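Enquirer: What follows is a structure written as structure tokens; I'll ask about it next.
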Amino acid sequence: MSNKEKQLNHIAIIPDGNRRWAKSKGLLAWQGHMKAGEKMVEVLKHAFTLGIPYVTIWGGSYDNLTKRDKGEIDKLEEVYRILAEQLINDPQVKEKQVRVRVLGEWPKLLKEETISVLRKAEEITKDYKERGLTLLVGYNGDREMIDAINTLLKGGVKEVTDESLKSSLWTRDLPPVDLTIRTGGEPHLSAGFMMWDVRYSQLYFTEKYWPDFGKQDLEEAVNYYNSKERRMGK
């Protein structure tokens with residue numbers, strides 16, 4: 001493995017296309033979300049097998065959880081509960097020492113039963129240090145940035161630095177993102193996605209809907225990353 005390959009420390013995934021996948025199969029939107037949850041576990045495990053220690057997955061934006069119809073939101077919450085239970089009960093999570101974090105405004109948006117199981121996944125894994133899985137739920141990057149700025153203002157800061165801004169973000173404990181993957185054929189980021197952390201990230205877009213994205217697709221994304229020279233603004 002080259003030095004450049006070793007730099008792949010953190011990938012972030014925007015798993016887009018779940019509803020379009022369901023529609024293409026003659027299924028309901030919630031069935032697309034259920035399949036998406038299954039795919040998250042598969043891809044996560046393969047990322048760790050490939051030696052990538054940090055994985056962040058956008059599980060739902062603030063808008064997803066406030067603007068969609070109640071039936072779809074209820075199904076999204078069910079996906080979160082199932083995913084959290086899988087992480088809690090999967091022996092590989094303990095074996096690989098995967099710390100689970102759930103970031104975003106989810107505590108004020110979700111039902112208590114969903115909040116409880118997500119907190120349990122965080123609590124059980126809080127002392128694990130080898131790998132990190134971050135689920136972004138009720139997360140918009142623009143809202144994160146506004147919250148960080150307001151936090152600094154309330155603290156009486158007179159000058160904002162890289163360090164003070166990063167330390168005020170919800171993602172303060174995460175390393176910079178090296179590779180951002182977006183599925184679903186939309187070649188852009190959304191809602192200010194992790195705007196501070198992806199500023200030097202390689203961006204990889206694929207036409208595949210998230211439920212069709214598999215291990216080989218992840219490897220292709222990693223190979224794409226390894227083929228690029230990261231200039232880091234230089």
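The backbone N, Cα and C atoms fix where each Cβ goes, glycine too.
What TrEMBL records for Asp16 is active site. Positions annotated as Mg(2+) binding site by TrEMBL: Asp16. Look at TrEMBL and you will find Gly17, Asn18, Arg19, Arg20, Trp21, His33, Ser61, Tyr62, Asp63, Arg68, Arg182 tagged as substrate binding site. Per TrEMBL, the feature active site, proton acceptor maps to Asn64.
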Enquirer: Could you round the CA separation between Asp63 (substrate binding site) and the residue listed as 'active site' to a whole angstrom and send it over?
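Expert: On Cα coordinates alone, these residues lie 14 Å apart.
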Enquirer: Pick out which of the recorded positions Ser61, Asn64 has the most other Cβ atoms within 10 Å of its own Cβ.
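Expert: Going through Ser61, Asn64 one by one, the largest Cβ count within 10 Å is at Ser61.
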Enquirer: Please report the distance from the Cα of the residue listed as 'active site' to the Cα of Ser61 (substrate binding site), rounded to the nearest angstrom.
Expert: 11
Enquirer: Substrate site residues Gly17, Asn18, Arg19, Arg20, Trp21, His33, Ser61, Tyr62, Asp63, Arg68, Arg182: biggest Cα-Cα distance, Å?
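Expert: About 22 Å separates the two most distant Cα atoms.
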Enquirer: Might you list, by sequence position, any residue in that chain lying six or more from Arg19 (substrate binding site) with a Cβ less than 8 Å away from its Cβ?
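Expert: Non-local contacts for Arg19 (substrate binding site): Ala29, Gly32, His33.
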Enquirer: Could you tell me which of these recorded positions, Asp16, Asp63, has the fewest other Cβ atoms within 10 Å of its Cβ?
Expert: Asp63
Enquirer: For Trp21 (substrate binding site), which residues in the same chain are close in space, meaning a Cβ under 8 Å from its Cβ, but six or more apart along the sequence?
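Expert: Set apart from Trp21 (substrate binding site) by at least 6 residues yet with Cβ under 8 Å, we have Gly32, Lys35, Tyr209, Trp210, Pro211, Asp212.
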